[in-house]
């Protein structure tokens, strides 16, 4: 059982550290940017800059947002900071949010990593506004890491020069949203843009310390350079979502205050049952010991139940809302019927408020994510193949029982004291419907299949894509797309065929397996039964005893 890392959810965005936690170097850089922006606005005689408390309000604005905001913003576009201030102020009014701003922009061609710095400077300066009618650049610069990572993708390499050559000639627009910050808000916004046929080329997402969002997208796909038509289309799309019942009504709720905190939480959570199972635990037999992990919505403790060592995931009473209860119910509903050596064993749950918890077997060696990224350990090929096989067997079992995990990643893979790896965390898993396809996004952008990112119908093959990213992690010990934000990674996966770069010394058949599993077309990805066979064949070739 794992506690999710909220900073890597599908609504992932930067979170502000407290002043005592802030990196001193970042603080100094933020102060420098603030000072330069202030000077430019005052020298340009902006009306806002003449107000008595403007300096304090501007500093407050920078402090509301993460250091990355100051590091990324172009000081030459100091007036854009005023726009962000205005949008955040308007977003405080429930009657007006979500608020947004649209403008046409000029995007410079990307320069390759090995370009001459003088050439790069000349190229960039030649695309800066130089006269009437010339468009300004976007507020934030393109990530220099994005181009470097895409060089590892064959899909991108073949078309990169074409893309770069045409970026500066197509109409581009910058759309900035501000509203209440909510889980999965980014998914809702990207879906909204997709409904209008807009392609996201750059994305920057920030959260304020007081619970608001500032999301900036550079898009193409709108045929006109003017902004009035696009602004009207966005307004109509938002109104359309507000007016529609059912699932889309739920989508637009992400723009509003969370009313669930004011709703009554039932005394007992109803879990569907066929009458043949009994999983409600006797809390008096539960002994709670050391806390081993903590998240925004729950804590994970080590403990014992009827003398058996267990892991106990508690929901935090002060954070419980109806969406959390739905996921809690779903996790219990799925786990109570799951029995496989490569799936974490569910032992029971307490569904009576205020003690809401799920009890599973305790996995002594923790998550694969911690093993790779916190303990800085690595797998040799033989062990890697065994781990990959364990995961494939667990996932094959789930798929045979029509369960799509939807959040497969190394943080949700746990290892016991014998080195056996098991699939865990079914909070967002779903039982596949009869049609074989599902919609609505969940999961984590860095591991998410392109069809899920695009809000297209998807099936169990989405898990196969995530499995490929997991396999790449096992090979490299790195975090996927580490130098991109989760949202930038998502844009790259969908629009540029971005994939992590496979190490040169990778076993050829492991490389082939990776490429099949993360194929853009879900139909071309293998089933887990096939993956098991391929892994077993590779293990024979390298003399691994299964």
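Cβ coordinates come from backbone N, Cα and C, glycine included.
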With the ranges 80-110, 111-141, 142-172 to choose from, which does Swiss-Prot describe as region 'Disordered'? 111-141
Quick check on the record annotations: which of 207, 213, 329, 435 is tagged phosphoserine by Swiss-Prot? 435
Which residue from 273, 304, 439 is recorded in Swiss-Prot as phosphothreonine? 439
With Swiss-Prot as the source, which of 1-21, 22-42 is set down as region 'Disordered'? 1-21
Let's check the environment of residue 407 (active site, proton acceptor): how many other CB atoms sit within 10 Å of its CB? 23
For residue 300 (ATP binding site) and residue 407 (active site, proton acceptor), what Cα-Cα distance in Å is obtained after rounding to a whole number? 18
Take the Cβ of residue 300 (ATP binding site) and count every other Cβ within 10 Å, whichever protein chain it belongs to. 20
Average pLDDT across the domain 'ACT' (174-249)? 83
How many Å separate the Cα atoms of residue 292 (ATP binding site) and residue 407 (active site, proton acceptor)? 21
